Amino acid sequence: MAASTSQHALISIKPAAPAASFSCGKRAGNARFVSATGCCPGSRKFGLVCAANSQSSVIEPVHLPSSPESGSTPKKSGESALILIRHGESLWNEKNLFTGCVDVPLTPKGVNEAIEAGKRICNIPVDVIYTSSLIRAQMTAMLAMMQHRRKKVPIIVHSESERAHQWSQVYSEETKKQSIPVVTAWQLNERMYGELQGLNKQETADRFGKDQVHEWRRSYDIPPPNGESLEMCAERAVSYFKDQIVPQLVAGKHVMIAAHGNSLRSIIMHLDKLTSQEVISLELSTGIPMLYIFKEGKFIRRGSPAGPSEAGVYAYTKKLAQYRQKLDGM
């Protein structure tokens, strides 16, 4: 039931070395490289283009964890949507500072990026939202959902203590139907950059050497001083994804994750079965949603939803097309 639509560059690939290659095209079947401009001054990047057609990639089934309540694997549902959004530009992104796990809000540009992301997903169902514990990811999720045509209200689930949980309870069943739970998790935080956090990136390169800083930023398993490597970030982010988010998808819930470059790269590495060499060349654009369909234990990458005026993009599947028709009739 896929419809023809314009293609959207989702991921930019910057080769780690001239001889480096990226084999996602062989894996995905629908990926191809195109030149992209305006990504980074002085460098050439390539966009991984995915189309919503019969060539959409089918990812191997992920491990389905057991349900904590029943101790058994949850029953599979028909189809669920998974939306991934990297937060918009933050104040420290603007200042070219290492941000990591420092809690920095969005710039006006970042706010606009989050709003535009929301417009792209305004016709896609969302039942539960996961964000990191950092304000820039939470702001992105809230601003995006303000654009959704269903007009449900995101409500943060407070589970840090029994009192917080009790005080934040909603007792109206009707109100619950008009709200979306937002689960915050530190496991989805950006990679912790240790002693680099708050330092200007250019000044850091001048101080420690360009090659050393590049190794800290782009290697898979070498952390900066007192910080995390991408491998360490992936360990916590992917574990949380498998344990907490996959069961929601299996149960038929439509999920949105608003998080960060490295935590989302880690999840995509898991979904697309990328190697440690491939993932270090992966770059995600801020504020550009990526859509996966979870069906029969498999993740199917469907690309980036276009603006709400482009009707064809929502016919990724019959169910998504029907959902938009339902919204049109409300």
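Every residue gets a Cβ built from N, Cα and C, even glycine.
According to TrEMBL, the protein carries these features:
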- 86-93, 99-100, Arg136, 190-193, Lys201, 217-218, 261-262: substrate binding site (BINDING)
- His87: active site, tele-phosphohistidine intermediate (ACT_SITE)
- Glu190: active site, proton donor/acceptor (ACT_SITE)
- His260: site 'Transition state stabilizer' (SITE)
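In sequence order, Leu106, Thr107, Lys109, Gly110, Glu113, Thr286 make up the list of same-chain residues 6 or more apart from Glu89 (substrate binding site) whose Cβ falls under 8 Å from its Cβ. The separation of His260 (site 'Transition state stabilizer') from His87 (active site, tele-phosphohistidine intermediate), Cα to Cα, is 6 Å. Take the Cα of the residue listed as 'active site, proton donor/acceptor' and measure to each of the recorded positions Arg86, Trp92, His260: the nearest one is His260. Rounded to a whole value, the Cα-Cα separation of Gly100 (substrate binding site) and His260 (site 'Transition state stabilizer') is 9 Å.
Looking only at other Cβ atoms within 10 Å, the busiest spot among the recorded positions Arg86, His87, Arg191, Lys201, His260 turns out to be His87. Cβ neighbours within 10 Å of Gly100 (substrate binding site), excluding its own Cβ and spanning all shown chains: 22.
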